[in-house]
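Database features, via TrEMBL:
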- A:21-43: transmembrane segment (TRANSMEM)
- A:49-82: transmembrane segment (TRANSMEM)
- A:94-114: transmembrane segment (TRANSMEM)
- A:120-139: transmembrane segment (TRANSMEM)
- A:170-189: transmembrane segment (TRANSMEM)
- A:220-240: transmembrane segment (TRANSMEM)
- A:252-285: transmembrane segment (TRANSMEM)
- A:305-322: transmembrane segment (TRANSMEM)
Amino acid sequence: MSQLKTSYEQDLSLAGTRSNVVWYGLLLASLLLVPLAFSEFYVGEMSFVLIYSIAGVGLMLLTGYTGLVSLGHAAFLGIGAYANAILLSRGVPFVLSLPLAGLISAAAGVAIGIPTLRMSGLYLAIATLAFGSIVVLVGEKWHGLTGGFDGLPVPTPSILGIAVEEPTGIYYLALAVLVFVLFVAMNILRTPLGRALVAIRDSEISAQSMGINLAFYKTVSFAISAGLTGLAGALFGHYVRHLAPDSFGILLSIQLVTIVFIGGLGSLHGAIFGAVFVALLPQAIALVRDDLPFGIGQLPGLEPSLFGLILVLVIMFEPTGIHGRWLKLKRYFLAFPLHQRTSFRRQKSYAKSERLR
Amino acid sequence: MSDEFFSARDIAMHFGGIRAVESVSFDVQRGEVFSIIGPNGAGKTTIFNMISRIYTPTAGTLNFDGQDITRIAPHRIARLGIARTFQNIELFTNATLLQNLLIGRHSHSTAPLLSQLAFLPSVRRAEVDHRKRAEEVIEFLDLQRYRDQLIANLPYGVRKVVELGRALCSQPKLLLLDEPSSGLNTEETEGMAFWIEDIKKDLSVTIIMVEHDMKLVAAVSDRVMALNQGRILAMGSSAEVQGHPDVVRAYIGGEPEAPRVESVAAA
Ligand SMILES: Nc1ncnc2c1ncn2[C@@H]1O[C@H](COP(=O)(O)OP(=O)(O)OP(=O)(O)O)[C@@H](O)[C@H]1O
Ligand SMILES: [Mg+2]
């Protein structure tokens, strides 16, 4: 069981209880050992999971915590990837090109955040979808900058003169960036900024009455979300080593949205769980593909359809996602054998009869 | 320009053809409980929405603490010292009670964004201070056992109190309460009356209250204003206003709802 808290400071510490510190420490230690214990193939796969986790945390801040859906987040991944690659190829050192890629993405986030300030729900989804397509189109047409359909090779990054090679170097790099991104995200969530985002998500009208400037915080949320996703993009570029505009289209955007919905909206754990799931699903499909009956495995659109199906099933039956399911299981085992059926039922909430007109 | 604590001068609010509020003027003295009554659709909530700047008045001016607030940005109202509750409870339902109260502290947080992202020591100190304030409110309203619960899991009566607490967390000078007793049973309504008294006496907060429960109105109000179809019918002590012939007529003259003399236990 969790220990009793004795000071407000304890609630402000990142890991919470001492047992948590131990668990997260062990997790980090085993992640550091991955390249020593596994083959290059698995290290590459793990890098991919880490990169998706970074993007997942970025989108979680926007969608899970601020309540703004984006169907164009792959564009920020692309902007980050291209910005980093282009800067590198022009001689900017990686220690600068990586943060710059994040900042350029963040600026793009502001550019889409401001015109969509008054939108929410479906309208925002469509606006961001359009934004995503426009960015891909610009990437295809602006041959001089991006190489268009020919693609763009991504130079190998180096830090302090040491080349960061695929896959092990990129793995450690992605791990470091993920730790940084989680640190920032957790700071956001324990400060007025994060509370303002949650307030906007749950009730704009009372957020405003509490003194929260809606326009400002929505824009900030877009900027931070896009910036973090841009960092993921820069790493993604090094992971694939060759960029093409159409790899940052709607399919990738849907994968990113799937991460936050499957993981569980409003939870950083959820962003990670979701990223693990979404990054590894294609591999899992590939493994069982040949063994599936009736030739299902050979159907052309199998992977995207499966993503869609899972997304719909999760939204219908487990709206709190993998993280919510995990919490319920944890409660079950902690309370065993005293569990009550009711704690597994969805809590009835009082529907608001009438919103302010 | 008046030097009243709060004043509304000839304010009006029109929605297309609907004249929800029409040339309403009133003053509120520092430290009093000023109640607004009136049948459904009289324009009471609309007045609150003008004060919290969700609506911009079609005409008239609003003054608070020596400042014209008629056209100020809505998110600046809290910092000036005006807090409110909502008729239909507008809490942050997927956050805990404590988080809700801490959001109530927003108008007192001044840390720049970057220092928040890095969680600098100054931010940590401010957070501990916010937490202390929130805990004071939790103690004041006796909410300890719900502290870490999600609002979505709390009963209606408790939510009403939490909303009051969230407003108090901003340490307001003026508190707007929109039907604090609606949906509460008799016992809970009595509790609400005590809290309103305490807020007035112990925290010396000025209160404007919209309320249907005449017993609660009579118990806590210094002055009462009756409204019908956007216009003032009567103003004075609770007894004067309740006995005023126009007010009686407005309530029984085929209006949807009569003033409740007894608290009514609702859903
Ligand atoms: N945004 C709006 N657009 C159009 N009409 C509105 C709007 N807000 C309020 N009204 C109208 O203004 C009138 C006054 O509404 P208001 O909500 O102020 O009444 P109220 O006195 O608070 O009533 P109740 O006791 O039912 O809460 C009503 O006729 C209402 O329909
Ligand atoms: Mg009303």
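In case you wondered, yes, glycine gets a Cβ from its N, Cα and C as well.
The stretch with the most CB contacts under 8 Å to the transmembrane segment (A:220-240), chosen from A:21-43, A:49-82, A:94-114, A:170-189, A:252-285, is A:49-82. Between the transmembrane segment (A:170-189) and the transmembrane segment (A:305-322) there are fewer than 3 Cβ pairs closer than 8 Å, counting only pairs 6 or more residues apart in sequence, which means the two stretches are not in contact.
Looking at A:21-43, A:94-114, A:252-285, the range that has the most CB pairs within less than 8 A of the transmembrane segment (A:49-82) turns out to be A:252-285. Within its own chain, the transmembrane segment (A:94-114) is flanked in space by residues 72, 75-76, 79-81, 83-84, 87-88, 127-128, 131, 135, 157-159, 164, 177, 215, 218-219, 221-231, 233-234, which lie at least six positions past its ends and keep a Cβ under 8 Å from the stretch.
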